[in-house]
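Accompanying notes for the structure given below.
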Amino acid sequence: MDDHNLEEFRRHWQEELAQSQALRRRRRLEAGERRSPRRPEAGARGEPASGYLGLAQGLLEGAGRPPAPRPGRGGDRKDTSSRSRSPPDRDATEPEPLVDQLIRDLNELDDVPFFDVRLPYELAINIFQYLNRRELGLCAQVSKTWKVIAEDEVLWYRLCRQEGHLPHSRFSDYTCWKLILQECLAKEHTLRANWKNRKGAVSELEHVPDAVLCDVRSHDGVVIAGYTSGDVRVWDTRTWDYVAPFLESESEEEDPGMQPYVSFVRINSSLAVAAYEDGILNIWDLRTGRFPIFRFEHDARIQALALSQEKPIVATASAFDVVMLYPNEEGHWHVASEFEVQKLVDYLEIVPNTGRYPVAIATAGDLVYLLKADDSARTLHYVYGQPATCLDVSASQVAFGVKSLGWVYEGNKILVYSLEAERCLSKLGNALGDFTCVNIRDSPPNLMVSGNMDRRVRIHDLRSDKIALSLSAHQLGVSAVQMDDWKVVSGGEEGLVSVWDYRMNQKLWEVHSRHPVRYLSFNSHSLITANVPYEKVLRNSDLDNFACHRRHRGLIHAYEFAVDQLAFQSPLPVCRLPRDIMAGYSYDLALSFPHDSI
């Protein structure tokens, strides 16, 4: 019964479909006759492929446009032309669906011949070595072959060295240089955030109790300081448990308790140099011991001292003489060159990377001298009535500030000279106040920073001879300044140390101490500042106590912003006085500087 009903339903359904198709065909014929009454035979023929679908199928099959119908005389010709315009049999040539055609075209685009070029691996590495890390990442997404080349360890090792990370490492030290570069970039980002947020550790270096601070310098985290007691002390701020030694002098054994003041101190990676008020110069080798390896004596007070940061070369200025000292082939120190100048020297610097013969720059009043070890003193700049107020040198240029005096007042300027051509390249500034400090050695390329007594810090663009940025920094004038690729650190006469983000023209933070900031130096992760008093005389209300009060002796601060390198298990790095030293027995230091671990 069920099978009979199913067959009957199928028969009725097919009849309905046939009737509906016949009805639709009849309606189309009637509509065609009404539209074109002159050609009633066209609808009778019923061309099945006269629409756009037939045209599209013909194009896909490779055929051109169907030919236009030609008028014929008889019914035979009409039947022949109708059969010629009809589409081919579906069983003979099955047309490809549009979706399959699209997929086939996309598959043809996958294999680009440019990516399949077979190059030697070494040649591909030489081509890819000129790309930065962003471009290498884009190349790694092109194909599997390019990904292997873009992730080669040699490329990432070179890229890591080019960006200044791990400069002393070798290729065999690590196995994945791409990961090492990512870690270095993450640390750099953390360091920059710590600088901006003032997040890190601050250390006040141990003082000499019965002396006043005279001069401070540092090199790569190693700090040297000289005091009115004649003591010279060295700290290594890279380690918290380092005990700062005193550098002994030969005069201490001869006349104990009668030490002259320390006028200047300088330090590099291997040497420490100190100049005293009585004209004595001591040179220590930091790798051998605490006693000087060379002693030189001038007839008068030493007015300027310079030490090369790369080589063991020392230059001193006393009275009207400038002396250059460096060791010979056997290691014995001697006077290599001696120059005579017309006026007392105010500033003295040694030019870095000068080759075999050292070169120094000295300013004496309104004279600027170029001193070469194999030549006599030559005048680099001279304008009567315009004395030099500051000096700094780089490998190829020298910058110094001049004070404009006389009948024609042109404003105070900074002059930049080429050491090779010995001529003036730029005249910068034109300020009302005196330029007190300038830094071209540590500045980024084509930039220079200066400080002025008019309370402003200026960033100069050496390419356009214009002031790129001017910051109102310190109320009593700027005394020290340094910049890098994004920040400026300045110190003032009022004892304020300020950190600026000069790209945003914004002050990040500042710290204050009692005495003027005479020295500051920073690198990527640390900052050294020194507040040196004006007065070098001991003052204490208690005559029985010869210890100088803390507010008169000066301060040295060391800031460390790479907190991941700090050992917080050590005692609080605010003060490094051990328990057996009673330097502050006359006043309470226990609350401010605890010794116990926290």
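One is the number of the first residue shown, and numbering goes on along the chain from there.
Just so you know, glycine gets a Cβ as well, placed from its N, Cα and C.
Taken from Swiss-Prot, the feature compositional bias 'Basic and acidic residues' applies to 29-44, 73-93. Annotation comment: Swiss-Prot describes Ser84, Ser86 as phosphoserine. Swiss-Prot lists 113-159 with the feature domain 'F-box'. Taken from Swiss-Prot, the feature repeat 'WD 1' covers 201-250, and the record attributes it to similarity to another entry. Residues or ranges marked as repeat 'WD 2' by Swiss-Prot on the basis of similarity to another entry: 259-299. Summarising the annotation, Swiss-Prot assigns repeat 'WD 4' to 341-383. Annotation source Swiss-Prot lists repeat 'WD 5' at 384-429, citing similarity to another entry. Annotated repeat 'WD 6' per Swiss-Prot: 430-475, in sequence order, evidence recorded as similarity to another entry. Per Swiss-Prot, repeat 'WD 8' is recorded for 514-561, and the stated evidence type is similarity to another entry.
Summarised as a single figure, the pLDDT of the repeat 'WD 2' (259-299) averages 92.
Outside the repeat 'WD 4' (341-383), and at least 6 residues removed from its termini, the chain residues within Cβ reach (under 8 Å) are 303-311, 313, 315-317, 319-322, 324, 326, 390-395, 398, 400, 402, 415, 417, 419, 422, 424, 441.
A Cβ distance under 8 Å defines the sequence-distant neighbours of the repeat 'WD 2' (259-299), meaning residues of its chain 6+ beyond its ends; these are 214-220, 222-232, 234, 245-252, 305-310, 312, 314, 316, 318-319, 321, 323, 325, 333, 335, 536.
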